[in-house]
Every structure is written in C-alpha cells, then in structure tokens.
Amino acid sequence: MALPRSQARGWVKAAKMAQRRRPADDTGGPQSPAPGSQRAALYVHWPYCEKRCSYCNFNKYIPRGVDEAALRRCLVIEAQTLLRLSGVRRVESVFFGGGTPSLASPHTVAAVLEAVAQAAHLPADSEVTLEANPTSASGSRLAAFGAAGVNRLSIGLQSLDDTELQLLGRTHSARDALQTLAEAQRLFPGRVSVDLMLGLPAQQVGPWLRQLQGLLRCCDDHVSLYQLSLERGTTLFTQVQQGALPAPDPELAAEMYQEGRAVLREAGFRQYEVSNFARNGALSTHNWTYWQCGQYLGVGPGAHGRFIPQGAGGHTREARIQTLEPDSWMKEVMLFGHGTRRRVPLSELELLEEVLAMGLRTDVGITHQHWQQFEPQLTLWDLFGASKEVKELQEQGLLLLDHRGLRCSWEGLAVLDSLLLSLLSRLQEAWQQRTPSSVPRG
C-alpha cells in the first residue's frame, strides 16, 4: 500500500522514534518472507569513491564532475519502477552501498527513501543502513544522514594499523577510524557495524588479534570479519604477482579467523553468519534477507537483484543486473524507467541451490519450514537423511540434521565451502531422480 506524500515525508520522523527498538530474541534471525511474497529488501548502489583501494574490484568510479541531481533523479525513478514491476508492497530494509555512499548528499538518501515510502509501505522501524568511510563521515555529515532517515551505519575501518591501511590504499588513518567510530556511536547508539580485514600480505596472527581486541574495547554490537581476496586487475594482485609483496598465507588467515571467532564469542558476540558477529540482537536484517533467499531489489549502476516480476505478470524469480557504467545507466533509466541490463530466470534447482548455499552460511541454517516454502515435496530428510556423506559430516561434528532442520555447527561454519561440495552434489542427484511436480517456482 503506497503512502500519501504527507505520510512519506513524515516517515523520517517516525523512523527516528522507532530506531531504538530492537528484538529481544538473540537466538534466531528476523522472520523470513515467503519466496513469492510482496515483501523485499532494497539495495541502492552509489558508484563513486574518492579513490580506488588497492584490493577492490567492485563497480566503482572516481568522480569527475558528477551531476548528483541527475543521479538522484534516476535512483528515484528506478526504485519506483522496480517496485512496480516486482509487485512489492512492503520494503523491509534499505541498504545504501557502493562505492562510498557517505560521499553522497544526505538529500539524495532522503529523496530515495521518500520515493520508496510513496511507492510501497516502508515501516517506521525498517533498518536503513549506510556504508561510510572515515574520511567522508564527519560528525555533521553523519548527523545529516540520520536526519535523512538512516538509522544504521556500516563503517569500513578494515584495519587499525596505519601501515596496513596504506597497503590497502585507504584514505584514512587508524586515528581517523576511531574518531569516526566514536562519533557514529554517539549518533547511532547500538546500530554501528565495523569491518575488519584479515589475511593481508605479511600480516601475522598476534598483531592482528591485538587489533581485534583493541577494536572490541570501543566498538558497538556488530563486527564483520573479511578475509582478503586477491582479485585480478587490482593493484594488490599485481604487486603480489610481480613479487613486490608476499602472497597472503592461507594457513595464517585460517588461524586468524579461528582465533578471531573465539575472541568475539568470548566477548559475547554471536556468530550468526560466516563473516558476521552480533551481540544484543544487533543482526543486520537486510543481509539476513540475502542469506534467507528473500526477494531484494537492486537500484543503481551495477546493482544486483532477485525477485519475481509479479507486477509485470511474471511467476519465476529472476536474477537481475543493472547496467554498470553510471552515464549509460542514467540514459537507460531516463528512456525505460530502469537500467536493467540482464535478466536471468532461475530454474527450480538453481533457486534451491541458492537456498542451500546461502542458508548454511548462518548459524540457524535451513529450517524445515523455510525449505518447504521453496520446495514443498522434497524434504530435507528426503535429501540428506540417508546420505552417507552427511552422516560422516555429522559424526565429525560439522553438520546437524534434526527436527529443527539442517545447519552447520560452530566448527562447521569455518569450513562451509568444503561441506557445500557434498551437499550440493547430493541435492543435484536427488533433483534428477525426483518425480516432476507442478509446484510453482518461488
């Protein structure tokens, strides 16, 4: 149900009143919408950065005379168009990512949120996250984003070591990072997430753990740990290939991850996903939608989405990718109302593979009820109950299959990639042997 314009403008005020509310249950995750429901999350991509970090191969550009008013107008148009095409009536969360969305004007954020609230129901307590870098996130700017409707921040600290920050090509220092973190916590208490990278060239376990322990003395209730991935085409990849830097040691990275998980658990953090840790119920409801294979709309250059185009008469979930280059994307939005470059219908098996691979990233795993929303006939017991490989994984203490569903143990989360090889193979085998059904796809 669309909101009248006056109600849309009042959304920010209502959101600020509701943002202190937090679910008391810290053992599960946010409720997952049915796969073909009229609910979705919304991702908004801001494509610009001050500079390209040495490790990054994301779709981002260094701004040269950006017409933000034109970009803002196109973000608004595309959000409204995709909401109409998808038939989505309720937006559960909004995430402004990039790029560096903290470089955007708060007016752009407000305009997108107002457009969403006009086209669909955006609850006052919806999670609205903005990614921020310390050098573009002064206290006054953060306050302005809060006034625009943002109620959660994700700060890309990456490291608290100045030498490592220089290696990564970051524009901030460790001191900048800590100052931004303190200001963010003052403005968004209990709703600030921080990223910390591990597995850098020449990085050692002890110094990295001391960084993490230092961060825990001043951080909020959400921490993400990301292992460096050397991506072809990045400066860091070239430096390692040419021998200017040592290749990251995967065994050391695995040790950092294991030790880091233990430190976070000791500090009261729940590892609710492979890379994400929260305490006091501070899970990211937006990212939870991804892991539970809920629908999400991707707005902006290069954004990805997964939804059923019900508003256009569709019945099959599609993977959608928007045009990468900002100028080309804006031209398409002005011509067609959206800049979708590629639409790939997902088969029933492809969707189930995503449900399995994404769901097992979480500590909750895949409940029987959740699986049946996507596949009512072939149960988790049918798939894995008699599997020799699954029994072996259970005996090793890595996997659990019981009355709740299928999930990794705490030890299993650390080696999920190796577990998925057996599980996906078993799913594919069982799918080929099944009796075809007429169950509609979600």
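Cβ from N, Cα, C; glycine included.
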Tyr43, Gly98 bind S-adenosyl-L-methionine 1 per Swiss-Prot; candidate in Glu68, Glu78, Glu127, Glu131 listed for that same site
Glu131
For the record in Swiss-Prot, which of the ranges 1-37, 297-333 is the region 'Disordered' one?
1-37
Site-mate of Gly99, Thr100, Arg170, Asp195 for S-adenosyl-L-methionine 2 in Swiss-Prot, selected among Gln158, Gln179, Gln185:
Gln158
Neighbours of Cys49, Cys53, Cys56 excl. site residues, C-beta within 8 Å of centre, [4Fe-4S] cluster
Lys51, Arg52, Ser54, Tyr55, Phe58, Lys60, Thr100, Gly169
Around Thr100 (S-adenosyl-L-methionine 2 binding site), how many other CB atoms lie within 10 A of its CB?
23
Counting other CB atoms within 10 A of each CB, which of the binding-site residues Cys49, Cys53, Cys56 comes out lowest?
Cys56
In whole Å, how far does the CA atom of Tyr43 (S-adenosyl-L-methionine 1 binding site) lie from that of Cys56 ([4Fe-4S] cluster binding site)?
19
Whole-number Å distance separating the Cα atoms of Glu131 (S-adenosyl-L-methionine 1 binding site) and Thr100 (S-adenosyl-L-methionine 2 binding site) is 7
Which number gives the other C-beta atoms within 10 angstroms of the C-beta of Glu131 (S-adenosyl-L-methionine 1 binding site), all protein chains shown included?
20
Relative to the mean position of the Cβ atoms of Tyr43, Gly98, Glu131, the recorded S-adenosyl-L-methionine 1 site, which additional same-chain residues have Cβ within 8 Å?
Val44, His45, Trp46, Phe95, Phe96, Gly97, Gly99, Pro101, Leu130
